[in-house]
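Q: What TrEMBL lists as active site, schiff-base intermediate with substrate is S64. Positions annotated as active site, proton donor by TrEMBL: C78. Residues or ranges marked as active site, proton acceptor in TrEMBL: S239, H252. Annotated substrate binding site per TrEMBL: F6, E63, F233, E256, in sequence order. Annotation comment: TrEMBL describes S64 as pyruvic acid (Ser).
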Amino acid sequence: MAVSGFEGFEKRLELNFSGDDPAIEIGFRQLDFQSLEKVLHAVQCTVVSAVGNQYFDSYVLSESSLFVYPTKIIIKTCGTTQLLKSIPPLLHHAATMDLKICACRYTRGNFIFPEEQPYPHTSFEEEIVYLEDNLPENLCCRKASVMPSKLSSHSWHVFSARDQSQMAMHKSPYDDQLYTVEVCMTGLDRVLARKFFRLPNDGKNGDSAGKEMSESTGICDINPNALICDFAFDPCGYSMNGIDGDRYSTIHVTPEDGFSYASFECVASIYNDIVEVLNKAVRVFLPTTVTVATTCTSHEVRMQVAKAIEPLGMKFQSCTVDDFPAAQSVVFQVFTGR
């Protein structure tokens, strides 16, 4: 293990809003680029590439991804970014648009270099205090949990908060037919990881080098229907956002030996099989350890996860399940190379 290196493990924040204004169909998408840049400045990252469709806007960041829907923001950042510092400016913008926050979910794995993390990310306890202090009182149904696994180096941290009045009316900000899959992979196959390094002075920009990486690694075949926005960093590293209708997918790669890491995240429907997509995504990297956190209404998805990953020579290690007021159920599974 290197003494220190780039922190691949992301922090992920999802904020859901509601409102009565007819302009809610546009909502956060009406924010100009300068306002978004200011939010990202607080987090310590910038936009490197972007693409959108009729449903949402997707941004590849210098450190991961941002997805902007009319009433939902998903922001995922790696390295030593200060992700939670995006909350105050986002709540300020929501107020100007007559949008009220109705749910918040924050998730992350175990940092490889926790001692490098700045405030408010030096510990999960500190993150919880920051969230508690910066979320409005209407989000009073709150729960924080560290979901353990058989491997002490891998656990899943979840904080969720939800509006009590919406819960009383049995209104959910989440679509019960959709679920989120967050995959974290460490110890990438060295030969496959080399594909995410650029040649010195290759004469390409980040977009064209990224497109080549998407094609040569098979990433563009994971979901052939998705419109891909990709970017290759110099000298190494890769990010991609895929957009398919109203659903996103995203991949981020830190390929350096000693702290190699890749993540894959997507939204799936309970009516579609996730097995093929998940199998293709993990096969791109053939890591030594895979963790999968699934946020859904059904625990049955875990069978599909095992069916996707075990045929790649991975051995099931553990499964933890926890229920959250704002996040349905979270199923956390861990697999290791045989």
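Here the Cβ of each residue, glycine as well, is placed from N, Cα and C on the backbone.
All TrEMBL annotations are machine predictions without curation.
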Q: Between F6 (substrate binding site) and C78 (active site, proton donor), how far is it from one CA atom to the other, in Å?
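A: If we compare the Cα positions of F6 (substrate binding site) and C78 (active site, proton donor), the gap is 9 Å.
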Q: Do you know offhand how many angstrom separate S239 (active site, proton acceptor) and H252 (active site, proton acceptor) by C-alpha?
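A: Checking the Cα atoms of S239 (active site, proton acceptor) and H252 (active site, proton acceptor) gives a distance of 4 Å.
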Q: In sequence order, which same-chain residues at least six apart have a C-beta under 8 angstroms from C78 (active site, proton donor)?
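A: F6, E7, G8, F9, E10, K11, E63, S64, H252, T254 - these are the non-local Cβ neighbours of C78 (active site, proton donor), listed in sequence order.
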Q: Taking 8 Å from the centroid of the Cβ atoms of F6, E63, F233, E256 as the cut-off, which other residues in that chain fall inside it around the substrate site?
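A: The answer, listed by sequence position, is G8, C78, G79, C236, G237, T254.
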Q: Out of E63, E256, which has the highest number of nearby Cβ atoms, where nearby means within 10 Å of its Cβ, if these are the binding-site residues?
A: E63
